[in-house]
Structures are given as C-alpha cells and as structure tokens.
Amino acid sequence: MSTLTSAVTVRAPAKINLHLGVGAPRPDGFHPLTTVYHAVGLCDDVTATLADGWGVSMALPHWIDADDLPADGENIVDRAATLLAAHHGIRVSGLVSVVKAIPVAGGMAGGSADAAAALVALDRVWDLRTPDEDLLAIAAQLGSDVPFALLGGTALGTGRGELVEPVADHGTWWWVVVPSQEGLSTPAVYRHFDAMFPDAAPEPCGADALLAALATRDPHRLADVLHNDLQLPAIDLRPDLGELIDRGQGVGALRGLVSGSGPTCVFLCESADHARSVAAALEQDHPRVLVANGPVAGAHLVEYA
Ligand SMILES: C[C@@](CO)(OP(=O)(O)O)[C@H](O)COP(=O)(O)OP(=O)(O)OC[C@H]1O[C@@H](n2ccc(N)nc2=O)[C@H](O)[C@@H]1O
Ligand SMILES: Nc1ncnc2c1ncn2[C@@H]1O[C@H](COP(=O)(O)OP(=O)(O)O)[C@@H](O)[C@H]1O
C-alpha cells in the first residue's frame, strides 16, 4: 500500500577525501581518480513539500554569502529535480528548502550533498520508488561527488569519482574542520594541478595504504597515510592554507590536510577531547572552527509528514 507523504526532510553530509589520487586528464577533460571518501557530521537539510508550482529556497547562516550561490533556477537542486522527473516522465513540482551548514565551494561537496538529499526527498514526496542503481546513475550525471553523498560512510571512488563502493570502516575518527572565508573553484584547482604536474601518470596513485590504516582503527596510523594530490596546487593558489596546516599540526593535531580541492582544511585528532582542544587553539586565529566525526550516513530521511 502506498502512503502518500506531503513533506519530507532529508539530511546529507559533507565529505572529506582521506586519499585523493589524481591522474593525468582524460580525453573528456575529467581527471581519473582513486579516492577514499569519508562522510563527516556536518550536514545540510533539504525539505521537499508537495505543491503545484516549483521553487527552491535557501536558508543560509550569516557566514555564507547568497552571492556565492547560483541564481534562481540554476541551483544543483533544480538540476536534480529536472533529471529525476525526466527519468520518470513526470513534471517537476514542489517547494524545496535547503538549510545550509556546509561551506560553499569549500571542497566538502556541499552542493553534491544538497543534490543527493533533493533526489531522496523528491523520490519520496513524488512516490517514485526509484531503484538505488537508477538514483546513483542520476547522481553521477549531476556531479562526480554526488553518488558518494547518497552512499555516505567511507567509500572507494574511482572513474572520475562517480563510481563508489563502500569500504569497511569500524573506527570513529575525530576531525577539526576549518572553513575559509573565500571559496576555491574546483576546476581552477584541477587546472593548476595540470600546470604544476604536466607529466602526471595516467593512473592515479592507489589507496591500499590508506585502506590498511583504516582497518587498524588507530588515528596515528591513519594520520601517516592521509594523501591529497590536490593539496600542493591548492596551497600554491592559497599559501595561507599551508600556514594553517602548519599551525594545526603545531598545536597538536596528528595531521592536517586540505579537504578535496580546498580551501577547507581538516585536522585528524586522537579523540573528541583532543579535537576540542585543537579547535580551541585554532579559534584564536580563525573565526569558525568546527569539530566533526566520521563516518556518518549518506543522504537519509530525518522527518516526514
Ligand atoms: C575535487 C573533488 C574531490 O572529491 O571534490 P571537491 O573538492 O570539489 O568537493 C571532486 O573531484 C570534485 O567533484 P565535483 O565537484 O562533483 O565535480 P564535477 O561537478 O563533476 O566537475 C566540476 C569540474 O571539476 C573538474 N573535475 C572534476 C572531477 C574530476 N574527476 N576531474 C575533474 O577535472 C572538471 O573541470 C569539472 O568540469
Ligand atoms: N545547493 C548548492 N549548494 C552549494 N553550492 C551550489 C549549490 N548549487 C550550486 N552550487 C554551486 O556549485 C559550486 C560548488 O559548490 P560546492 O559543492 O559547495 O563546492 P565544492 O565542489 O568545493 O565542494 C559553487 O560554485 C556553487 O555556486
């Protein structure tokens, strides 16, 4: 029996890349990746409500500038709705509101989280019951990071990042997250990678060491093998990120890392208490410092009516 839902709220997490191996660009311009995605407890909430018309609204915290988001109709949520409706041959309808907490253009896949959450929420209010494989395929059309936002947890990403498979991760890892006031464009960082490494191998470097360290559940072992091929290009574009990483490691973080293409930096800590003390030290120079743990669930329903 079908139970009609008139409104649903879906929560989707930010990601960091514990390993980001990048190869030379493919003929289509995308870079082949071997990445280990990791979902952390910093989330956007997307509510879809049945309505005749269509509209997307964004509730932004004071530190996100509305000008950093695309104009009406061009949000990734609009694209998600259009693709899902086209897949089923139906008309787009409803009101979608996004409560953002994930930094914009921060290297934490906030837009991808919103797209994944919108797919799950609209699938429910439109009563579509789209199979998981179809949702993952639609997600991949929206962006390389979107399939992972559906999956969550910790997962191996290959292809251009859109092919995801869960990996066992029984640890709880504690992170200090330091967003930046200014975003960094993902394509610009990939272009800078190409300029700095014109002889990059076609095959990205593998994640075996990272996966082995995850299995130990020991943050010291994980700290030794965190790896991001976009870190040097990001720091070359934004030298302040290198200074921030040095400072975080100087106040005791096990390891600092640029998150994806940046500019958010994340710091692995031993425990929740350790993360709070590293965060307190970094707060002296940075207006916003967060503590988050991972892995957490991908896009999931938190409320419906
Ligand atoms: C770098 C990463 C690491 O997880 O994340 P962010 O730091 O942006 O969050 C991802 O590869 C970002 O994925 P996503 O933001 O979904 O990128 P897409 O929308 O698919 O592509 C945006 C642009 O990034 C570049 N791009 C993206 C993925 C890839 N494997 N190779 C690329 O060269 C291309 O220039 C592309 O036009
Ligand atoms: N709902 C959304 N939230 C955030 N950014 C969005 C959204 N829709 C479209 N965008 C655009 O997508 C781009 C990438 O945003 P985001 O996913 O936050 O960054 P990143 O790829 O660095 O993790 C930004 O330029 C932003 O304007």
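Note: Cβ is positioned from N, Cα and C throughout, glycine not excepted.
TrEMBL labels come from automatic prediction, so no person has curated them.
Because the structure is a prediction, the values reported are computed rather than measured.
Look at TrEMBL and you will find K15, D145 tagged as active site. Sequence annotations record features per position, and here TrEMBL assigns ATP binding site to P103, V104, A105, G106, G107, M108, A109, G110, G111, S112, A113. Taken from TrEMBL, the feature domain 'GHMP kinase N-terminal' covers 75-153. If you look up TrEMBL, you'll see 211-284 marked as domain 'GHMP kinase C-terminal'.
Around P103 (ATP binding site), the same-chain residues at least 6 positions away in sequence with a Cβ under 8 Å from its Cβ are I64, G110, P179, S180, G183, T264. Non-local neighbourhood of A113 (ATP binding site): A12, P13, A14, K15, C43, D44, I102, A149, A299, each in the same chain, at least six residues away, with C-beta under 8 Å from its C-beta. Counting other Cβ atoms within 10 Å of each Cβ, the lowest count among the recorded positions K15, A105, G107, A109, G111 belongs to A105.
Selection of the binding-site residues P103, A105, A109, G111 by a Cβ distance under 6 Å from ligand 2 yields, in sequence order, A105, A109, G111. Among the recorded positions A105, G111, A113, D145, the residues whose Cβ sits under 6 Å from any atom of ligand 1 are D145. The residues of the domain 'GHMP kinase C-terminal' (211-284), classed with DSSP into helix (H, G, I), strand (E, B) and coil, number 43 helix, 11 strand, 20 coil.
Residue counts for the domain 'GHMP kinase N-terminal' (75-153) under DSSP, helix first, then strand, then coil, are 46 helix, 7 strand, 26 coil. Each residue in A14, I102 lies on the same chain as P103, V104, A105, G106, G107, M108, A109, G110, G111, S112, A113 and has a C-beta within 8 Å of the C-beta centroid of that ATP site, without being one of the site residues.
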